[in-house]
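Copied over from TrEMBL:
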- A:1-158: region 'Disordered' (REGION)
- A:1-15: compositional bias 'Acidic residues' (COMPBIAS)
- A:24-41: compositional bias 'Basic residues' (COMPBIAS)
- A:58-70: compositional bias 'Basic residues' (COMPBIAS)
- A:96-105: compositional bias 'Acidic residues' (COMPBIAS)
- A:113-123: compositional bias 'Basic and acidic residues' (COMPBIAS)
- A:124-142: compositional bias 'Basic residues' (COMPBIAS)
- A:148-158: compositional bias 'Acidic residues' (COMPBIAS)
- A:265-287: transmembrane segment (TRANSMEM)
- A:308-331: transmembrane segment (TRANSMEM)
- A:346-363: transmembrane segment (TRANSMEM)
- A:434-458: transmembrane segment (TRANSMEM)
- A:514-533: transmembrane segment (TRANSMEM)
- A:605-720: domain 'TMC' (DOMAIN)
- A:725-746: transmembrane segment (TRANSMEM)
- A:782-806: transmembrane segment (TRANSMEM)
Amino acid sequence: DGSDDNEEGSAVENEENAKGTDKGKKRATPRTRRAHARGRDRHGDEDDEDDEGGMRRAGPRRHRSRRRGRAAGNETGDSDMEPTKARKNQANQESKEDDEEDEDEKGGKSGKGKNEKKGDKKSDKKGKKEKANKKKKDKKKSGSGSDSESEEEPITEEELAKLKEEVEEKKKLIATLRNKPWKMKKKLSVLKEAQLFVEKFEGALGKGKGKKFYAYKVMMTKKWMKFQRDFENFKTACIPWEMKIKEIESHFGSSVASYFIFLRWMYGINMILFGLTFGLVMVPEALMGKPYGSLPRKTVPRAEEATAMNFATLWDFSGFAQYSVLFYGYYNNQRTIGWLKFRMPLSYFLVGVGSIGYSFMIVTRTMAKNANDDGGGDDTSFNFSWKMFTSWDYLIGNPETADNKFASITTSFKEAIVEEQESRKEENIHLTRFLRVLANFLALCTLAGSGYLIFFVVRRSQQFALEGLENYGWWERNEVNTVMSLLGMFCPTLFDVISSLENYHPRIALRWQLGRIFALFLGNLYTFIIALMDEINLKARYFLPFTMFDRLLGNTEALQSLEEEKIVKYNMTIWEASLYNGTIPENSTAPPIQVDPADVPRGPCWETMVGQEFVRLTVSDMMTTYITILIGDFLRAVFVRFFNYCWCWDLEYGFPSYSEFDISGNVLGLIFNQGMIWMGSFYAPCLPAINVFRLHTSMYLQCWAVMCCNVPQERVFKASRSNNFYMAMLLFILFLSTLPAVYTIVSIPPSFDCGPFSGKTRMFEVISETLEHDFPSWFGKVFGYASNPGLILPFILLMVLSIYYLNATSKSYKEANLELKKKLQSVRIEN
Amino acid sequence: VYRLHGRYYEMAPNVVPMDYTKDPDVKLPMQLIINMPELKENPFKERIVASFSEDGEGSLSFNDFVDMFSVLSEMAPRELKAIYAFKIYDFNTDNFICKADLEKTLNKLTREELTAEEITLVCEKVIEEADMDGDGKLGFADFENMISKAPDFLRYYFKKN
């Protein structure tokens, strides 16, 4: 007994000392402590009583230590109550495993004792809050409550309620213990006590009033919490590539890692798009549609059959690949297929529209989330303080990166200092303005120049096409392609040079740069399309050199094939007639002749062509990226590393050196690529699948390349605010890329000979058809009323008004925020 | 936690026991701890270790060790990190971040690349920005107020275990 007491006493002592709140009491033996109970005489009385009670009982050791705990508790002040509770909670949450594994063996009795002591302290405190009498009764009863486990005394309602409260408080304590900045030991001890208290009294509470059920409920709650925790752990472990990204983060800082996080996010979106297209479009057709070879549209034409299986053809996505579920043309326009009566055309249409809608929704949602996280954005009121206290990236574990980080911190301080100094003297603002205007002017000139160049080159290529491509060499054939790629390579560098005139903060300069590159690409695109459209209007028939940006508007093919279609239809009727003519006289009804589907003449299928172009584009883009990485980064690194020994100047510091990871270039590439996917996935359901594959391999390849061949950037800039910028660009591109698809759905008739919508005048008619056939008639009527322009217009008006209203409210909130900040500042200054 | 114990043990296998049931009083000196790879590059490593150490001199018992990593982990709440960050930056442990503390922080951050003028300027700006009660140095309330608005704080204080 005595030894136990001493042990516990010393444990408590240690704990008290560790707390650092020395009440100035000597920790004598427990008995003396008891005797010295102060501060709460009432408690003291109770203690004595309980002591006696305890002595009386031949109960478990716990009770005795509880007494002692109470005594110890009495001696510590109120202020410790909260801390102890908090400590308990904290220790509980963060080191539950600790407790159970390490400390249980170690803590053992002493731990338990501590718990109970704390528990009793808590009870003490609770008692204090209430009236003395009640308290006394509580204490007694709680003492006897635990006794009741051995003595079977009844517990009153009151006590039950109070005990419940105490248990709840303990639980809260356990939950918040983690927040308290105490030493581990304290937390652990507090935690143990709280846990044991809760355990014990929860059991006790159940006594007498549906105990079994209560205990069961408690156990289930615990199990549920444990399950939740395990599930959270599991979920975190499941996040793909988390370890890779963390590694990159520690080497390169968080801005490079943000690119990979963006990549991973894109991968998620593409997975979902892939799931939609694969599950709802490709699989049903493959399983339940008519098999290959049964219909003309599903068969390789006789003329192409010989080369249909060649690798070259397959790589080009013609031949067998073209006549498969991968492309639009394969799908039959039967209204329902298979025994499930799966409505294929409807599903195709809805999946197309749905993937666009989903993409919009998720991009907007992410933007909103990012805006929220930003927390009201441009707060420059603590500029220097933040630089000082939060600029060191604690995640860096690599000396090289650390060096860079030091350098960048120094630079950022210097920058901030310079800005501060500059803001104190406002000189030469006119010069700066003039320079900036000049720089913008130069950029515009560049853009205009590149636009004109493209226009000129496209016109020239039309000329070549007219005169027959065979007469010209490789350059003329691929002129447009190469010119556009060259422009894409050199103009950004030019923009870079121009931006040095402007003297902006690097982050702002980066945004201008990105904006200009964006404008460059868009401008090139549009001039190209305009040049093409011109030509189409003049000569719709001629074979146009298909280049990258041509695909962007399927209109070119569509308009082309419209003409072709008429011709083919005419030809087909003649061909059919010729079949009949050969065997049976005209005007007699005869069974239709069986013709091998491969021999039937085909109508043009512009959707498949468009889809093919997109797929080819994606594949070539992927190849280009990989090869660029391999050559540009890897070979360069190898060259620099190995030739450094035998080269005149220091390669590593001088010209080639190792390449940095080009964040903005890569992000832009990713965004544009995604735009292509969105544009093309309506015509080629296989695109999301290809993209998923591409992103997957790209992730691994780039992670490897970054770790192996790149060096951390000189200017490790913050990634926090740029995220929304990329999202905004993504949203814009999404909008742009859905325009063509939507336009074709709404205004261009689908090919008569292929695809799920063949035979209809417009693709969206499949919806009205479904409404007629598959839904009860009243539904159709309702829909008819609802789609009445008289109803839709007011609805749109209402939405516009609500957007305006919400915008106005958010502005007013922001202003109120600013006002408050200003007030705060002025109050501070006053002080 | 086993992993942590493994790391702790690795640092001084002859001293750290595998078995903690007897609650041994084992402390590792600061020198060993600041050589851990996660901390090695950190300019504040001595301060980090010192602020978690019980005896204030930098020796960490296993409890403190676990404490340290748990605060630096992703699961710790912001307030707790703010409390410890304050301790880290308070070089002379007077519970205030005074100008001298700021200067030391700055020097550690920039490896003394800034001129004295610049250093003074920065420190003055910091105090101007963050000091709410006007005593010329940053108390915990000032620090907390300032840090809670910083967007990057949480990100840079995460650590993987």
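From the backbone N, Cα and C atoms, a Cβ is placed for every residue, glycine too.
Looking only at the domain 'TMC' (A:605-720), the predicted model's pLDDT averages out at 78. Highlighted: of the candidate stretches A:265-287, A:308-331, A:346-363, A:782-806, A:346-363 has the greatest count of Cβ pairs under 8 Å to the transmembrane segment (A:725-746).
Of the Cβ pairs linking the transmembrane segment (A:265-287) with the transmembrane segment (A:346-363) and spaced 6 or more residues apart, 3 or more are under 8 Å, so the two regions touch. DSSP places the residues of the domain 'TMC' (A:605-720) in helix, strand and coil in these numbers: 82 helix, 2 strand, 32 coil.
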